[in-house]
Amino acid sequence: MVRMVVAALVGVVVAAVLVAGGGARAQLMEGFYEHSCPQAEKIVKDYVKKHIPHAPSVAATLLRTHFHDCFVRVRASVVLSSSSCVPARRARGRVVADADGGQCASVYLQGCDASVLLNATGGNEAERDAAPNLTLRSFGFIDRIKALVEKECPGVVSCADILALSARDSVGVIGGPFWSVPTGRRDGTVSMKQEALDQIPAPTMNFTDLLQSFRNKSLDLPDLVWLSGAHTIGIAHCNSFTERLYNFTGRGGPEDADPSLDPAYAANLRRTKCKTPTDNTTIVEMDPGSFLTFDLGYYRGVLKRRGLFQSDAALITDATAKADILSVVNGPPEVFFQVFARSMVRMGAIEVKTGSEGEIRKHCALVNKH
C-alpha cells in the first residue's frame, strides 16, 4: 500500500516534468514502448529480479552509473557574434540565431544518454575511463539486458532507457523505493573522459560547489540532499577519502585528520580499514551495517559526522540541507522514499535526447555503424 501511495505521488512529479520541461523532456512518456516493444520493461524487470538477489551490491553501481551518465555533458552557449544568446539548454546543442540576428554556438548537450556505457574509440578515452567511473561494475549487466531486449525488438529500445529502468528496478528489489520512469530516451554518440572528470561531483566538494554542480543540471538543493541518500547502499575505496584520515591540511600523519570527521570513527577506519595512506583497494561501506538496505542509516551517520566523503560532511554545513535531513531521519522510511523518488524522476530527465536525436544503439558499448 505504501509503495502504491509513493508511486501515485511520484506520478504527479512525472506529469510536472513532462509538461514543464519543454523540448525533449516533453517527449518522454510512461509506456513509450507499449506498442513498439510491449515486453521491454518486463524483460528488464525480470532480469533484474532474477540476478540482483544474488548480487545485491550491483544495485548501488547501477544507480551510480545512471547518476554519472546524467551528470555529464550539459553545457553553456558560446557567443560567436551577438550581444545576447539563447541558452544552450534550450538550443539543444545546435547553432541558433538570437534576437539580434547574430549567431550563437553551443556545445552538443547530453544528459541521460548512456554515453557512460560507450567504449573508447580511436585512441580517445571515454567517460568510463575517467577516475570516478573506474569502479563501476554495471556494464556487463546492462549489456546482457540489452541483448535480451534486442532479441525481442531489434533497434527499438535505447541503452539510456535500459539503464534508467534497471537502476529503478534494482533499488526496488533490495527493498528501496519505486519511481515512475518515463521512457523514450535516445542514445548519445559522444563520450569523453575529460567531461566526466569535469562534471561528475567530486567527493572532495564543499556545499557551495556541490549545489552549483546540481544547479548546472537544473536540479535544486532538495535534489542534492535526497540523491545523496543513495549512499545508503554505497561503498567507497579508501583512496577516495584517505586525505580525511591522514593528510587533510598537508602536514601528513594520523594527527592531520579532517576535524569535521568524528575522531573515534576516523581512528577506527585507520585501524580496521584504511591502514595506510596509500591504500587504494580496500572497500568501506558508506552506511556501515546496512549498506545492502535502502534506509535512513546514511543520514544518521552524516549527522554523527561519520560520512566518508567531504561531500557527505558538507550536507550538514548548510542549515537548510541539515533541516531537510532532520525532517526525515526519525520518521518512517517511506517519507525518504517519496522525496528520493521525486528527485530520481527529475534527474532522469536531464537534457535527454528524443525523437530523431542520437540513435538506438545495437550494442551499448558501441556507436552504430552507418
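Note: Cβ is positioned from N, Cα and C throughout, glycine not excepted.
Keep in mind that TrEMBL annotations are predicted by a computer and have not been checked by a curator.
The following features are taken from TrEMBL:
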type	residues	note
BINDING	Asp69, Val72, Gly111, Asp113, Ser115, Glu127	Ca(2+) 1 binding site
BINDING	Pro201	substrate binding site
BINDING	His231	heme b binding site
BINDING	Thr232, Asp287, Asp295	Ca(2+) 2 binding site
DOMAIN	27-368	domain 'Plant heme peroxidase family profile'
SIGNAL	1-26	signal peptide
SITE	Arg64	site 'Transition state stabilizer'
*Report the residues of the chain - excluding Thr232, Asp287, Asp295 - with C-beta within 8 Å of the mean position of the site's C-beta atoms, for the recorded Ca(2+) 2 site, in sequence order.*
Gly229, His231, Ile233, Ser290, Phe291, Thr293, Phe294, Leu296, Gly297, Tyr298, Tyr299
*Return the single residue from the binding-site residues list (Ser115, Thr232) that has the minimum number of other CB atoms within 10 Å.*
Thr232
*What's the CA to CA span in angstrom from Asp113 (Ca(2+) 1 binding site) over to Arg64 (site 'Transition state stabilizer')?*
14
*Since the record lists Asp69, Asp113, Glu127, Asp287, Asp295 as binding-site residues, which of them has the fewest other Cβ atoms within 10 Å of its Cβ?*
Asp295
*Expressed to the nearest Å, what is the distance separating Val72 (Ca(2+) 1 binding site) and Pro201 (substrate binding site) at their Cα atoms?*
10
*asked:* I'd like to confirm something. Which of the recorded positions, Arg64, Ser115, Glu127, Pro201, has a Cα closest to the Cα of Thr232 (Ca(2+) 2 binding site)?
replied: Arg64
*From the Cα of Arg64 (site 'Transition state stabilizer') across to the Cα of Ser115 (Ca(2+) 1 binding site), what is the distance in angstrom?*
14
*Distance from Asp295 (Ca(2+) 2 binding site) back to Asp69 (Ca(2+) 1 binding site), taken between C-alpha atoms, in Å*: 24
